[in-house]
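The domain '7TM GPCR serpentine receptor class x (Srx)' annotation in TrEMBL covers 10-270. Taken from TrEMBL, the feature transmembrane segment applies to 6-28, 40-64, 84-110, 122-145, 165-188, 216-237.
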Amino acid sequence: NDTMAASIIFGIGLVGMTLNLTGVLLTFRVRALRTSFGRLTAMHCAADCAILAIFTTWCAPRTYFQFFDHTSILSRKIGQVSLYFWFVTIYSQLFIALNRFSLLFFPWIYKEVFQRRTSWLIIFYATICVGHFCVYFGEGCDFYYDGESYLWVFASTPCGNSISFWLDFAFGCAVCCIVLLLDVICVANMRRSDAVLGGSLTSREKQLRAKREMRFLAQACCTGLLFTLMLISFHVISRYVSGVWPTFVTTTLVWELSHLGDGIILFSFNSELQRALFQPKLLFSFSTITSRATHTTRVS
């Protein structure tokens, strides 16, 4: 059982790390993604990759070799770091949605904040995540991986129970709902624009715009639902199952799979990334991948 659990954790983590790291590299290589959206997406993928690295290099070995010092200072701090990157993924998702929303409704904010100050924006919400991170320095506010039961565990203390429900579950679900709402508003606005421009668009252009809008909404919905369902499974469903494996599946495994799934969603809904994915040599060449991955432009 230990070997099987460790192998599952390691295998999923390795695949997810590879996929998300490729996503980070491609956001800097694909010309169409050299935007604020691309930079925020890169931050999102990097945080996914960091979490999966913890699963691969910390959880899998501890499960395989059965290290039981899960309440040690190192173990608790590793858990704290994993939650820091979890909040980075949540805030990245939120600011990606705000990026799209401001582009459509507040272009001056988009230009001044998202387009011109993308790096400062990322530093801003990464700093907010440090605030979340610091909460776990409180007495009894621990989060750690238990290699004996294959579970990530919040401390059974008043502080542990509070941060588990309010900071992790409630806050995470609230952000996912806000992201979904913003994206639905964006798609509705694009549909209204289509109606206004209807007379000046060809049937082919209308089909392309409709396809793009549906892909956009589907990606947003998939990402939001993925994290929401993960939180529900981790904090709610796991309470109604018994046994090591059912609990492992509804907590540790679904958390890891959500970050693997995040990378899969990114590639599934971005044609530029899909085309570049099948030409790995472009990742390491001194060239910029244009919207057609078979054509490159030399970087001076």
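Positions of Cβ are set from backbone N, Cα and C atoms, glycine also.
All TrEMBL annotations are machine predictions without curation.
In this chain, the transmembrane segment (40-64) lies apart from the transmembrane segment (216-237): fewer than three C-beta pairs between them fall below 8 angstroms, excluding pairs fewer than 6 positions apart. With a threshold of 8 Å between CB atoms, the same-chain residues lying at least 6 positions outside the transmembrane segment (84-110) that come near it are 36-37, 40-41, 43-44, 47-48, 50-51, 54, 121, 125-126, 128-130, 132-133, 168, 171-172, 175-176, 178-179, 182-183, 185-186, 189-190, 220, 223-224, 227, 259, 262.
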